[in-house]
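Copied over from TrEMBL, here are the features:
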- K195: active site, schiff-base intermediate with substrate (ACT_SITE)
- K248: active site, schiff-base intermediate with substrate (ACT_SITE)
- C120, C122, C130: Zn(2+) binding site (BINDING)
- R205, R217: 5-aminolevulinate 1 binding site (BINDING)
- E233: Mg(2+) binding site (BINDING)
- S274, Y313: 5-aminolevulinate 2 binding site (BINDING)
Amino acid sequence: MKYNALRPRRLRISAPVRSMVRENHLSVSDLIYPIFVVPGSHVKEEIPSLPGCYHLSVDKAVETARLAVSLGIPAIEVFGLPGYKDETGSSAWDPKSPVQRAMEAIKKELPGLVIVGDVCLCQYTSHGHCGKLCGHYVDNDATLPLLARTAVSQAAAGADIIAPSDMMDGRIAAIRTALDEKGFQNVSIMSYAVKYASAFYGPFRDAANSAPQFGNRRQYQMDPANSREAMKEISLDLDEGADIIMIKPAMTYLDIVRQARDRIDRPIAVYNVSGEYAMVKAAAQNGWIDEKRIVLESLLSMKRAGADIIITYHALDVARWLSEKDCLTF
Ligand code: PBG
């Protein structure tokens with residue numbers, strides 16, 4: 001064959017040709033939009049560390065959910081700032097807490113929207129750790145029933161998918177058993193199977209008022225240096241009954257997504273977390289980057305790595321951009 005007989009540039013010659021040979025696609029149906037609900041009514045306050053995202057009272061959360069549906073987004077994930085906190089995080093399973101009330105109201109008005117419930121205790125405990133304390137140690141097995149109780153209360157309020165983000169061992173089995181016992185066999189579990197102890201959660205902790213009051217989360221979240229351990233976490237959670245596994249954060253852990261994709265045949269979600277979002281927003285506000293292109297390229301890279309689902313604060317913008325004609329002119 002002549003040295004220049006194969007010319008890869010032929011298939012890059014025009015936008016229609018590029019679109020025909022494009023290997024991966026970003027679609028609005030890939031997206032989950034996270035929201036933060038707070039007590040009160042008529043509250044819609046921009047979160048300083050997450051520009052473009054808001055603290056929403058239940059009525060405003062319903063409005064936002066309506067907007068997400070109108071843009072074709074299939075799912076939202078609900079996080080909450082409760083009215084009270086205590087040692088065990090009991091507002092996490094209080095049916096009158098903002099999360100449960102928001103789920104009920106959204107399910108009633110928008111039954112077709114998939115509701116994902118984040119199950120963790122750090123937003124609800126006075127000490128900001130993700131479970132029940134024994135001294136300064138988070139007691140794994142004493143935390144499991146509290147997580148299970150939270151999951152059941154969210155399912156009762158209308159959650160379609162339970163997403164435990166606490167990183168206790170054995171929580172998928174505990175939650176699955178509790179859901180089944182209460183008749184919620186059709187509620188899925190999307191496990192934060194691989195959740196690293198990451199500095200990229202900083203803006204979220206400001207937004208959710210959930211930073212630990214002492215120490216850090218390294219006794220339960222994973223060491224960023226490890227990948228074999230990630231595969232172990234995934235197989236444990238699948239054995240315990242997880243329907244979808246999640247890897248978090250996204251952009252700095254795409255190697256983990258690829259390894260997981262090559263090994264498992266279950267759906268994979270990634271969480272494009274608060275620090276990833278805040279960095280893009282800050283650079284865009286300074287005029288240093290093209291926000292739309294940076295975001296679309298970043299999310300597409302998650303699909304290329306093997307993700308099926310992307311949880312992202314950019315979801316509303318992405319849904320709008322994807323509906324524009326010729327949006328993906330890479
Ligand atoms: C609760 C939780 C956290 C995030 C999702 N669920 C914070 C944490 O573990 O400290 C982070 C999400 C984000 O940064 O966008 N455990």
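Just so it is clear, glycine is given a Cβ too, placed from its N, Cα and C backbone atoms.
Positions of TrEMBL features highlighted on the structure.
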residue : record                                               : CB count, 10 Å
C120    : Zn(2+) binding site                                  : 27
C122    : Zn(2+) binding site                                  : 22
C130    : Zn(2+) binding site                                  : 25
K195    : active site, schiff-base intermediate with substrate : 27
R205    : 5-aminolevulinate 1 binding site                     : 17
R217    : 5-aminolevulinate 1 binding site                     : 21
E233    : Mg(2+) binding site                                  : 21
K248    : active site, schiff-base intermediate with substrate : 23
S274    : 5-aminolevulinate 2 binding site                     : 24
Y313    : 5-aminolevulinate 2 binding site                     : 26
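Surrounding the centroid of the Cβ atoms of C120, C122, C130, where the record places Zn(2+), the chain contributes additional residues within 8 Å, namely G89, L121, Q123, Y124, T125, H129, G131, S165, D166, S210. In three-state terms derived from DSSP, S274 (5-aminolevulinate 2 binding site) belongs to a helical segment.
Taking CA atoms as the reference points, C122 (Zn(2+) binding site) and Y313 (5-aminolevulinate 2 binding site) are 20 Å apart. The 6 Å Cβ screen around ligand 1 retains C120 from the recorded positions C120, K195, Y313, ordered by sequence position.
Inclusion criterion for the recorded positions C120, C130, K195, R205: a C-alpha placed within 10 angstroms of the C-alpha of S274 (5-aminolevulinate 2 binding site); this criterion is met by R205. The shortest Cα-Cα distance between C130 (Zn(2+) binding site) and any of the recorded positions K195, R205, R217, E233, Y313 is the one to R217.
Reduced to three states, the DSSP call for C122 (Zn(2+) binding site) is coil.
For the pair formed by K248 (active site, schiff-base intermediate with substrate) and K195 (active site, schiff-base intermediate with substrate), distance between Cα atoms is given as 5 Å, rounded to the nearest Å.
When the binding-site residues C120, E233, Y313 are ranked by how far their Cα is from the Cα of R217 (5-aminolevulinate 1 binding site), C120 comes first. Straight-line distance linking the Cα atoms of R205 (5-aminolevulinate 1 binding site) and Y313 (5-aminolevulinate 2 binding site), rounded to a whole number, equals 15 Å. Of K195, E233, Y313, all annotated as recorded positions, the residue with the shortest Cα distance to C120 (Zn(2+) binding site) is K195.
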